[in-house]
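Here is what TrEMBL records for this protein:
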| type | residues | note |
| --- | --- | --- |
| DOMAIN | 14-187 | domain 'Glucose-6-phosphate dehydrogenase NAD-binding' |
| BINDING | GLY17, GLY18, THR19, GLY20, ASP21, LEU22, ALA23, ARG24, ARG51, LYS148 | NADP(+) binding site |
| BINDING | HIS178, LYS182, GLU216, ASP235, LYS331 | substrate binding site |
| DOMAIN | 189-479 | domain 'Glucose-6-phosphate dehydrogenase C-terminal' |
| ACT_SITE | HIS240 | active site, proton acceptor |
Amino acid sequence: MVSRTIPVDLFDLVVFGGTGDLARRKILPALFKRFCSGQMADGARLIGASRRDWSDADYREFVRKSLSEFAGELALDRSLVETFCRCVHYVSVDANGPRGWDELSGLMVADRVRAFYFSVDPGLFSGLSMRLQDHELMNEQSRVVVEKPFGHDLETAQALNAELAQHFDESQIYRIDHYLGKETVQNLMAVRFGNMLFEPLWNAQYIDHIQITVAETVGVDGRGEYYESAGAMRDMVQNHLMQLLCLIAMEPPTFFDPDAVRDEKLKVIRALSNVEPHHIVRGQYTAADGATSYREDVDNPRSRTESFIALKCHLNNWRWAGTPFYLRTGKRMSERDSEITVVFKETPHAIFGQEAGRHNNELTIQLQPDEGITLGVTIKDPGPGGMRLVDVPLDMSFAEALGPSADSPDAYERLIMDVIRGDQTLFMRNDEVEAAWAWTDPIIRGWQARGDAPKPYDSYSAGPDDATMMIRRDGREWRGVIN
Ligand code: NAP
């Protein structure tokens, strides 16, 4: 099977913060890979923009280093790298002052898509937006891309949305959640809405519960200052896990159209019930196996910020009434593992007798480290030993099933190309972001009011025991490699 590369329209991508960490690790390699795939039209340009006084040549050198570090084998082809570098330019611009804006204006050409990527601290969004407008850099083909964190709570998210709305139409704003750019996440929609098999069973009548786990082995790794003010709830649950929950639980949209999809996701967030305090476990990693503790990493011996969270929630709607959703995310966990498990109910009657055991079908959607979908089915244990049952996986590793075309693009590759194409389906809308904060805020306020401290857990473990106990009280177990 061969994947098709559909070239996008001619564009200029201006990356504010083009010398930053995100640009270096994600944006530049992503664009280079799309260039190598033939998706960038001749003449398309990447324009790095930040305060430092660099020339095009300085920036091209920065790009070369970034590619050699983060673009894999493709970057070994020097002629490809050099051809790409000819599309790269740099302008020294201050988001908060007049420097560089006339020069940037002068660089722009008409009749092509203009994408302005705000890969900077959100405190700079206002200055950038104002100056883009003042210098008449926005036209009908212009769009802006904004990175997370999108607000710290509902109030700040509303303020940020209002600020952007003063300068841009909502149809021009692309709020990135890179989880939505993952191939499997989109496959979730394809599997649900492209097959007759699952949708009739996709409800509280047939599904016992759903688990979403996003576990990382890394700690806060140099992001201590930001993380300490955010914690796992703001950093992961409010956005990434919420988006996964939306895709797994939403109603089929009428069309695969940005607003139709986002309308359905919004309904899911609005249907979320309040979470009871005893249905949330917060944790904080401690030193173990030679690793430092969270408190050491953020240099705050009294920190009460959570690096782990597990919670149970419900959706107040017809489809899901009574089906719990268990969400779990943490740093310094025993494995890197992101997966969604849909656990179906047992058959209503066990015709094979008690010895055969009771079995649940499980559909596992693996997001990382490997992307794939597995359906656990129950079959007869082979051999003459009577009718014993055994669960086996119907495994669809994308890499094996799809061959070379399964070498799926990184989330940033897909999302940046969607920006150029003007497709907002995989980007969060203002009301979605605000609804997610409206659900998250009272939970955070609740534990702040109670003075809850996170439970300690060993680095490289499964998280606090309380998280295991929380799900066991319901007669269930965490699925996946972390349990
Ligand atoms: P960073 O490494 O600190 O880079 C910040 C960039 O902003 C630099 O290029 C800096 O260059 C530029 N900058 C600072 N002040 C400026 C000003 N007044 N005018 C113009 N440019 C200015 O930050 P980052 O890690 O790349 O993160 C960028 C954004 O993406 C943040 O909002 C972050 O939360 C978000 N994000 C980052 C990651 C990640 O993996 N790094 C992941 C998700 C989201 P100069 O100093 O030369 O101006």
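Using the three backbone atoms N, Cα and C, a Cβ is placed for every residue, glycine included.
Here the features listed in TrEMBL are painted onto the structure.
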residue: GLY17; record: NADP(+) binding site; DSSP (3 states): coil
residue: ALA23; record: NADP(+) binding site; DSSP (3 states): helix
residue: ARG51; record: NADP(+) binding site; DSSP (3 states): coil
residue: HIS178; record: substrate binding site; DSSP (3 states): helix
residue: GLU216; record: substrate binding site; DSSP (3 states): coil
residue: ASP235; record: substrate binding site; DSSP (3 states): helix
residue: HIS240; record: active site, proton acceptor; DSSP (3 states): helix
residue: LYS331; record: substrate binding site; DSSP (3 states): coil
Would you mind reading off the Cα separation of HIS178 (substrate binding site) from THR19 (NADP(+) binding site), to the nearest angstrom?
20
Of GLY17, HIS178, GLU216, ASP235, HIS240, recorded positions neighbouring ligand 1, Cβ under 6 A:
GLY17
Please work out which residue of ARG51, HIS178, HIS240, LYS331 has the most C-beta neighbours within 10 angstroms of its C-beta, and give that one of the recorded positions.
LYS331
Pairwise Cα distance for GLU216 (substrate binding site)/HIS240 (active site, proton acceptor) [Å, integer]:
13
Per-region confidence, the domain 'Glucose-6-phosphate dehydrogenase NAD-binding' (14-187) (mean pLDDT, whole number):
95
If I take the alpha carbons of ASP21 (NADP(+) binding site) and HIS240 (active site, proton acceptor), what is the distance between them in whole Å?
20
List, in sequence order, the same-chain residues at least six positions removed whose CB sits under 8 Å from that of THR19 (NADP(+) binding site)?
GLY48, SER50, ARG52, TRP54, TYR59, PHE62
Alpha-carbon distance [GLY17 (NADP(+) binding site); LYS331 (substrate binding site)] in Å:
27
To which of the binding-site residues ASP21, GLU216, ASP235 does the lowest count of other Cβ atoms within 10 Å belong?
ASP21
Length of the line joining the Cα atoms of HIS240 (active site, proton acceptor) and LYS182 (substrate binding site), in Å:
11
Looking only at C-alpha atoms, tell me how far GLY17 (NADP(+) binding site) is from ASP235 (substrate binding site), rounded to the nearest Å.
21
To the nearest whole angstrom, state the Cα distance for the pair ALA23 (NADP(+) binding site) and LYS182 (substrate binding site).
18
Looking only at Cβ atoms, how many others are within 10 Å of the one on ALA23 (NADP(+) binding site)?
25
For substrate: widest Cα to Cα gap among HIS178, LYS182, GLU216, ASP235, LYS331 in Å:
20
